[in-house]
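A.B. asks: A single structure is presented below for examination.
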Amino acid sequence: MNKYQTHLLEHSVVKILSGTGKKHIALVAGGMSAEREVSLISSVGVSKALIELGYKVTFIDMGADIAVKLQEINPDIVFNCLHGTYGEDGCLPGLLNIMRIPYTHSGVLSSALAFDKIHSRSCFLKNNINMADSIVVSKSDHINTDPMKRPYVIKPLKQGSSIGVEVIFEEDDFHFIDYDFPYGEDIIIEQYIQGQELQVALLNGKALGVLEIKLLKNRFYDYETKYNKGFAKHVCPAQLPANLYKKLLIESEKIYKTINCKGPVRAEFILEEQTNKLYVLEINTHPGMTPLSIVPEIAAYAGISFTNLIEEIIKMASFES
């Protein structure tokens, strides 16, 4: 961790002035979710880009007093750099709508839909967007056998960054009765699909490109693989037939429009090996901005520097009436 990251962690509010007279940006990050660390790492690059662009930047570590802090500093715009609960689930956008402060990223309903795997799935299926078979299992069900034929995926309903995601393969010594539901009373059990991991970056409704994830160490694209060098190889642009590449772009833009997203979004797909069928895994309305994050990498391929990416995100800041 560098000195700048340590500085952000040690101070709940850090004021960084660029001195050029541009708008005042409140950079809200950290927070109380399991994705706090990822959010803080993202905020380092974002804050540097904002300062480079000439903005006055105030860093706020999200807490229960967020409304008071925002009233005190009175920013022109909030850059929502949170991941997970309270920032990515629509809570912070709801507060900012009430306070009439323009903010980056998606609004209340879009954020809430994307964050909740049950409701996003229902919405996508109603709009003919293909997803893997799944069921919801509750702790109170007291299931003592595999709830689905192996291999299957265990997903918390409301977590990002693959936190809490497990893949149960045929050979695994795993007994479902021992699963302790660490991230809530309900989980999604989803059919595991073997195939190409494909990621699409979108900005303001336009798909920028497709990237393929090639796993080098772990069996699936988990938290460790996402945030550590040497665990995966990124191939950008993804090596796909032109018609399939175009289909991914079109499908991603359809998903973006379906839940009325705003700003940057990352859509995750799997291309099944045997059937060449495309499945949507999820949509992320708060994609990471870390050095290993996918949206900045695809944006760079599309000719958009990290600083320009942040500027475009700021340009779309608004609140909902």
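Note that Cβ sites are derived from N, Cα and C of the backbone, with glycine treated the same way.
Pulled from Swiss-Prot, these are the listed features:
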DOMAIN    121-315  domain 'ATP-grasp'
BINDING   148-199  ATP binding site
BINDING   E268, E282  Mg(2+) 1 binding site
BINDING   E282, N284  Mg(2+) 2 binding site
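Are these features on the surface or tucked inside, and what are their neighbours?
C.D. replies: For the recorded site, K155 (ATP binding site), the DSSP three-state label reads strand.
Sequence-distant neighbours of E282 (Mg(2+) 1 binding site) (same chain, 6+ apart, CB under 8 A from its CB) are A114, K117, S120, A267, E268.
In the three-state DSSP reading, N284 (Mg(2+) 2 binding site) counts as strand.
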A.B. asks: Can you grab the distance from E190 (ATP binding site) over to N284 (Mg(2+) 2 binding site)? Cα atoms, rounded to a whole Å.
C.D. replies: 18
